[in-house]
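Visitor: The structure is given below, and queries will be raised subsequently.
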Amino acid sequence: MLPLYRFPQEASALQERLVRHVSFDEAAHKAVDEILAKVRQQGDRAVLNYTEQFQGVRLTSMQVDEEAIEMAYRHADPSLIATLHEAYANIVRFHEHEVERSFFYEAEGGVLLGQRVRPMERAMLYVPGGKAAYPSSLLMNAAPAKVAGVCEIAVTTPCDATGVVNPTILAAAKVAGISSIYKIGGAQAVAAFAYGTESIPKVDIITGPGNKYVALAKKQVFGHVAIDSIAGPSEVVIIADESAHAEFVALDMFAQAEHDPDASAVLITTSESFAQAVQQAVASLLPTMLRHETIASSLLHNGAMVLVPSLDDACAVSDMLAPEHLELHVVQPWDILPKLKHAGAIFMGSYSCETIGDYFAGPNHTLPTSGTARFFSPLSVRDFVKHTSIISYSPEQLRSKGAQIAAFADAEGLQAHAEAVRVRLKTL
């Protein structure tokens, strides 16, 4: 089921199969462009029409009332609520370490310079709905926004055909202290919050994963609002040596593959016998999985095993893929960590499975995909703040440096820039 590649002999074939890029087909572009245009022109009417078309329900109100949120929280399994609270506390605690402070300093000659860090005013957090509920996505998006100090936070998630939002998502919203929840999804939800409608406020940033239409809509509205990233299918790379446990690896690969047939799971190992053991574990465990068809399709079309001569080569292959998740099932994971350059999150050792990061540990699970870990980072407090430079020159400081500054502007051929300095020098 999982094709085996030998590196470096089959490097080109491996790259062709596994190197992924964010791309969208022409039909998706056409559909999303039409949705964005109609929502921008027609506001609520277009959003309600698209919700009826895609979600199968004609809403009379797009917002979830607070009573429904309270009821979902009260009726939820108490042990789940306790876990949600503990997980959220872990996520908040991690993101508190990311908080940046404004700074000022006195430069040469008494010039005052600084940078002010301020939270964005409004954020929309998109939480996927449909076949599965993702309260973890709500917690992961809410925590950095809250820690950053965003004033108004709205969540939107698709309701079902009866107009009801998954109660576990509502309970998670209560845990995160969010009461502004909308029950719309898809590109129409992205458009509504990017442009604003009669009943939906325009926001400053949209974050959170979704299907290809949500991802493309976020890409298209960037510039009207900020976005976190453009999410593609989920992916994991596992580097393993002969000390690894085959069932651990097989189930960790399944954990990615069960998301989506387009998800990718790749094992890179120095041991051919271990690769064979994982193949056997996959064959044995697959029939026991509830989503065995999705897993099988994902592994068949987007999975692989890569046999490498050394762990240094394993690191090179991983960096070529720049995966969303990277697990290190090796004797000394900390020894190879410095050799790895590109990954959204790295899980150290056989007992640090990716599931822990998805739900509980604290670092954000909203991660760069499709090779974008080469230049993008996990969702963080930094996504929800903006930076403003502060510059203060006194008359004396301008008198000292003004001629130099004006000459610099002259060198660029920008007369008005230069004269804006010289006119001030004439008053000194």
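Backbone N, Cα and C atoms are what each Cβ position is placed from, and that goes for glycine too.
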Visitor: Can you find which of Ser234, Ser284, Ser380, Ser389 Swiss-Prot lists as binding substrate at the same site as Gln256, His259, His325, Asp358, Glu412, His417?
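Guide: My reading of Swiss-Prot gives Ser234 as the candidate in that site.
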Visitor: Note the Cβ centroid of Tyr126, Gln188, Asn211, the recorded NAD(+) site, then list each other residue of that chain whose Cβ lies within 8 Å of it, in sequence.
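Guide: Here the nearby residues are Pro128, Thr156, Pro158, Gly185, Gly186, Ala187, Ala189, Val190, Gly210, Tyr213, Val214, Ala217.
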Visitor: Where does Tyr126 (NAD(+) binding site) sit in the DSSP three-state scheme?
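Guide: DSSP assigns Tyr126 (NAD(+) binding site) to strand.
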Visitor: If you count other Cβ atoms within 10 Å of each one's Cβ, which of the recorded positions His259, His325, His417 has the most?
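Guide: The largest 10 Å Cβ neighbour count belongs to His325.
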Visitor: What number of additional C-beta atoms lies within 10 angstroms of the C-beta atom of Glu412 (substrate binding site)?
Guide: 9
Visitor: Among the binding-site residues Gln188, Asn211, Asp358, His417, whose Cα is within 10 A of the Cα of Glu324 (active site, proton acceptor)?
Guide: none
